[in-house]
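What TrEMBL records for this protein:
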type	residues	note
REGION	1-177	region 'Disordered'
COMPBIAS	60-70	compositional bias 'Low complexity'
COMPBIAS	82-102	compositional bias 'Acidic residues'
COMPBIAS	110-119	compositional bias 'Acidic residues'
COMPBIAS	132-168	compositional bias 'Acidic residues'
DOMAIN	300-588	domain 'SAM-dependent MTase RsmB/NOP-type'
BINDING	Ser392, Ala393, Ala394, Pro395, Gly396, Gly397, Lys398, Asp416, Asp443, Asp460	S-adenosyl-L-methionine binding site
ACT_SITE	Cys517	active site, nucleophile
REGION	594-627	region 'Disordered'
COMPBIAS	649-662	compositional bias 'Basic residues'
REGION	649-670	region 'Disordered'
Amino acid sequence: MGRRQRNKQGDPAAFGDGSKKKAGAGGKPAPARSVGGEKVGAGAKRKRNAEEELPKAAKKAAPAKAPVKTALKKKAPAPAPESEDDDDEFEGLEDSEVEAGADDGVQNMDDWEDVDSAGEDVGKAKASLFDNSDEGSGMDEDEFDEDEMMASDDDEDAFDSEMEDDDSQGGGAMFSDDEGDLEQLRLANLEAMSARLDAKAAKEKEDAEAELLQTNIVPPRPEGILPTEEELTPDLAIIQTRIREIARVLNDFKSLGEEGRSRSEYTEQIIQDIATYYGYNTYLAEKLFNIFSINEAIEFFEANEVPRPVTIRTNTLKTRRRDLAQALLNRGVNLEPIGKWTKVGLQIFESPVPIGATPEYLAGHYMLQAASSFLPVMALAPQEHERVLDMSAAPGGKTTYIAALQKNTGCVFANDSNKDRAKSLVANIHRLGVRNAVVCSYDGREFPKVIGGFDRVLLDAPCSGTGVISKDASVKTNKSERDFMLLSHLQKQLVLAAIDSVDPHSKTGGYVVYSTCSVTVEENEAVVDYALRKRPNVKLVPTGLDFGREGFTKFRGKSFNPKVVHTRRYYPHVHNMDGFYVAKFKIMGPYKAPAKDEGGDEEDDVPMAFGADGEEADEAVKRDDGYKFDEEEDRALIEESRKKLLKKKGVNVRAGGAKKGKGPKEKVEA
């Protein structure tokens, strides 16, 4: 601690009280004011000189000085100016009083000398209290840096405040000329320093406990670690640009391909991008991509994102296309003919009313039907009075078209293995006024065991639906390699059954039309080539359709029968209709099954065509005359149908049978 701190504290009040007692020994204040005033003025001057050397900032931290100054001022007030009245008064005193005043003045001077000596002792005591700071600094009092002392004002203020509290509590000054008081001051200072250190340690401990408590708290759940759906969603604009750039490179890979990169890398990347951009699984995207050229593949995928035009087929059994178009135009329907290749189709662009709820629709004047579904019936070209089998007839668009071309003559067997779908088939047959149709629900592979000898057979086989993705987007993701294998196997079984159901001796017919709403080779050319290999009595003939692309004779290392060029392919991006495939077979004669030891694979043919009953199928196949009607079996069926009809009319079948003499009662009932 420096000089300022030492001079900060005033003289002890206890000493001042003692001086008061000395001054008041005679009961009156000292009359020798001039002598006492001179001494008081000299002591006060020394005090002021010492204080003027201290900075003003140190004066704020000297609360204990006030009592000393007060005591001194009370003891020795400032000397009054001499005047003639004072001289007269002084001369008027008696000698005894002058001598007594002189004695008192001498006594007062001795007291002030004692004050000065006591002040020096107090200063030394203060210096001894802060020897650490003075000795550590290595500077004289005159050289003491005022800035350093200012830095310690905070600690000094705290100490002074504690001293003031002690003074206020004790009721007197702390300092005195006794050694016990000096020791008490040291202890008080040490106690204050210890209290500050304890407070600092307590605060550090409190902070440490708070920090420890904070580490034991369960941390909040982290957010934003996993990417959101928007972050996972790829940028489709970037993918689309990359698809077109890769397509441009693949079209001229020799000059645009990057060095060190193979063509397969570009192909794999564009297939992956197509699958991502259009929403296909990778397997189906690759299968469809390999069917077309690069640019055409992109057009095909784009076309599948756009719905096909709404088309209707005029029911010529009830109206003509001209009359139907006029009736719909009067209702505000915007339409036009589909094209020159059909005489019954109309394309609907806009309709103020649901096109499936107009009076004309309910009256059966037209059928909501895709334009691609016209094609297999047009290729089949049924004639009047022929027996025709539609192996997969529901919901009835092709069946009713066949009946319309036959003008309700002949007979159309409309079969569908799904009985629920057969309900819609029956409803459309009634609505469109078809009267020559027979609806049944058999597995198509059971033909011709159920019935055979047809002039023409239409097989619109179950397929993967890759040609109608615009109608059913679920095809993009729910078709796998196993699905294509199973479908291809089923289609091969059905096409052999259809071929075997045709009467080879038909004078007007003997045709089978195979169609699918798929564009894959495994379901089209591969099935047709299989049928040609398994049935040598069959050949491919032109479909009779004026447009459409030829079927593949070679595809990715596979070679098919050259006659496959007669088949026709239809694509949404080329013909603006659903993807479709049409093939037409001509049955040239009865089929002769080769011996098992010669054919080697005949075991595969018979079960696929005729199911599990292999022996009966063999006998039927080996017959040279093909499949004929069983007259006895047909007669029984016809009789049963006649009896049911009579019962509906209220005729007593048993009595009527007995009267007509058609046999005994038991026989009629049978």
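Using the three backbone atoms N, Cα and C, a Cβ is placed for every residue, glycine included.
You'll find the Cα of Gly396 (S-adenosyl-L-methionine binding site) roughly 16 Å from the Cα of Cys517 (active site, nucleophile). Summed and averaged per residue, pLDDT over the domain 'SAM-dependent MTase RsmB/NOP-type' (300-588) gives 94. Long-range Cβ proximity for Cys517 (active site, nucleophile), meaning a same-chain Cβ under 8 A and a gap of 6 or more residues, is found for Ser372, Asp460, Cys463, Gly465, Gly467, Val468, Asp578, Gly579, Phe580. For Lys398 (S-adenosyl-L-methionine binding site), the Cβ neighbour count at a 10 Å cut-off comes to 27, with all displayed protein chains included. Annotation for Ser392 (S-adenosyl-L-methionine binding site): same-chain Cβ neighbours under 8 Å, separated by at least 6 residues, are Asn415, Asp416, Ser417, Gly444, Leu459, Asp460, Ala461, Pro462. For Ala394 (S-adenosyl-L-methionine binding site), the same-chain residues lying six or more positions away in sequence with a CB closer than 8 A to its CB are Asp416, Asn418, Arg421, Ala422, Ser424, Leu425. A simple Cβ count within 10 Å picks out one of the binding-site residues Gly396, Asp443 as the most packed, and that one is Gly396.
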